[in-house]
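Per Swiss-Prot, the features are as follows:
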REGION    1-279  region 'Amidoligase domain'
BINDING   SER21, LYS200, THR201, LYS202, PRO203, THR204, GLN205, LYS236  UTP binding site
BINDING   SER22, LEU23, GLY24, LYS25, GLY26, LEU27, ASP79  ATP binding site
DOMAIN    304-553  domain 'Glutamine amidotransferase type-1'
ACT_SITE  CYS394  active site, nucleophile
ACT_SITE  HIS526  active site
ACT_SITE  GLU528  active site
Amino acid sequence: MATNRAKSSTKYIFVTGGVASSLGKGLTAASLGQLLSSRGLRVTMQKLDPYLNVDPGTMNPFEHGEVFVTEDGAETDLDLGHYERFLDRNLSAAGNVTTGKVYSNVIAKERRGEFLGKTVQVIPHITDEIKSAVLAMGQPDKNGQAPDVVISEIGGTVGDIESQPFLEAIRQVRHEAGRENIAFIHVSLVPYLAPSGELKTKPTQHSVAELRSIGIVPDAIVLRADREVPQAMKSKIALMCDVDEDGVVSCPDAPSIYDIPKVLHSQHLDNYIIRRLNLPFRDVDWTTWGNLLESVHNPQGEVTIGIVGKYIDLPDAYLSVAEAIRAGGFGANVRANVKWVASDECETEKGAAEALKDVDGVVIPGGFGNRGIEGKIGAITYARKNKLPLLGICLGLQCIVIEAARTAGLTDASSTEFDANASTPVISTMEEQKAAVSGEADLGGTMRLGAYPARLAEGSLVAEMYGATDVSERHRHRYEVNNAYREQITEGSGLQFSGTSPDGTLVEFVEYPKDVHPYFVATQAHPEYKSRPTRSHPLFQGLVDAALKHQAGRS
């Protein structure tokens, strides 16, 4: 069907949350974005985070989850990973705005005298900075194309002190961009009380009342519950919250996060928003997403991939890695299950054998610090000796190099990250990172971040996986392979340095040849950031394919 595209300004959709955190605002926003994209609209997304950190780059993974890195090198909230995966498009640093970043910019302007001696206040200066960040998302890209829709998610919960400047700012955006160009969606919890056997609407009513008290009237309410919310209850919420009945949608827990677009579409949320904003549209094209759901719900087999890490008590610390593994499964039309393995369990040969006995492949993900390192190395040794498919990421590559060096006779091989005075530092601090590591410069935002090119060796396994010898991946690291040991490691262990930076100075990929090990690959980069559920990353696809062969060989 031809797209009914008329000239119109960019529309802005703001997604807020009420009653409780962790309701799935990000997934709701991403799912709506996916639906609008599937209708032929150009959609971009943004996360407004009310914490005072400038970015999540220095935050504890146990507290915040993973740090998602964009192509342009921004360390951002993990929700940007959901946005990129659901929209299948790259976002930029502008997609994540924090209170810390806003205040830093405003204070810098004050120091430069840009406010001409005026008293700097939350209103208008902080709110103006937030508005500028939001409205900038509607500007044309380098190809001259402005987005049709900008979806901005406001972190936290309505009523939080930290969120107040952001809520005031988006209220003002409605005034400046025009009411016809703005839609507010409120995601709220409808709890089920088991003793009475009832869903309760009162928390949602109070949450919307709080939102209305600061001048924001939601156009739509997404009701989160562990079961379907009946129509009578939706009608009651529409009446009490002064929202159109068509704008109150039920979003019960779904079997998979990839089902959420279908759930919202079945409730006509995308239809309602299109009518509300007078957007050009076409019917939803379910071809790509439908094929994904077929793989999700009707797999032709399954494999188990172990993630050997030290932050496994909070799986969100490895969210993109887990999603990339699952996407590799979708690409092979199998279910890829993730087994969380504490690296400490693999420090001994017996411990590694026990922890990894029922997995078909292993991922050694990134991380920082020396805790759990010997366990990661133990898992690597087990995978190497038992021909278990393995993919190493960032720190995972460094651990593989250390393990190979020890195999080659460099028994004291280590990294300067773990031992500043290591006698055999096969992994060393990057020259430009030494000031940050020594404490002479800031830690935040100073790593080697973002997309960098790499050149792969002709005939290597990684070149076969990518189908190319020139590739680009996103990075987040301070340490690198010490080139002084490369030749000795290869001669003593057989490990091949199969990809480097274009000038050959920085190791980007290592592997064992296929005649030595069926799939033993590592990269200094973070390939998980570029994986999509509808388009798996070559390295993760290779891991799952190798895991299937390993599984078949065992049975």
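Yeah, the Cβs are placed from backbone N, Cα and C, and that goes for glycine too.
Given the structure is predicted, the values throughout are model-derived calculations rather than measurements.
Feature map: Swiss-Prot annotations on the structure.
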{"residue": "LEU23", "record": "ATP binding site", "DSSP class": "coil"}
{"residue": "LYS200", "record": "UTP binding site", "DSSP class": "coil"}
{"residue": "HIS526", "record": "active site", "DSSP class": "coil"}
Response to the item:
Nearest to ASP79 (ATP binding site) by C-alpha distance, among the recorded positions THR201, LYS202, HIS526, is HIS526
Discussion item. Neighbour count first, Cβ atoms within 10 Å, every protein chain included; then name which of SER22, THR201, THR204 tops the list of binding-site residues.
Written reply: THR204
Practice prompt. Given the binding-site residues LEU23, GLY24, PRO203, GLN205, state which is nearest to GLU528 (active site) when distance is taken between Cα atoms.
Written response: GLY24
Worksheet item: When you tally the Cβ atoms that lie within 10 Å of each candidate's Cβ, which of the recorded positions (ASP79, GLU528) has the highest tally?
Response: GLU528
Discussion item. Return the residues near SER21 (UTP binding site) by Cβ distance under 8 Å, restricted to its own chain and a separation of at least 6 in sequence.
Written reply: GLY156, THR157
Response to the item:
Counting Cβ atoms within 10 Å of each Cβ, the densest environment among the recorded positions LYS236, HIS526 belongs to HIS526
Fill in: Separation of alpha carbons, CYS394 (active site, nucleophile) and HIS526 (active site) (Å)
6
Fill in: Which same-chain residues, if any, lie at least 6 apart from LYS25 (ATP binding site) yet have Cβ under 8 Å of it
VAL15, THR16, GLY17, GLU153, GLY155, VAL187
Discussion item. Cα-Cα, whole number of Å: GLY26 (ATP binding site) versus THR204 (UTP binding site)?
Written reply: 18
Worksheet item: Taking each of the binding-site residues GLY24, GLY26, PRO203 in turn and counting other Cβ atoms within 10 Å of its Cβ, which one has the fewest?
Response: PRO203
Worksheet item: Using C-alpha atoms, which one of the recorded positions SER22, LEU23, GLY24, LEU27, CYS394 comes nearest to LYS202 (UTP binding site)?
Response: LEU23
Worksheet item: Mean pLDDT for the domain 'Glutamine amidotransferase type-1' (304-553), as a whole number?
Response: 91
Practice prompt. Measuring CB to CB from GLN205 (UTP binding site), give everything in the same chain under 8 Å that is also at least six residues away in sequence.
Written response: ILE237, MET240, CYS241
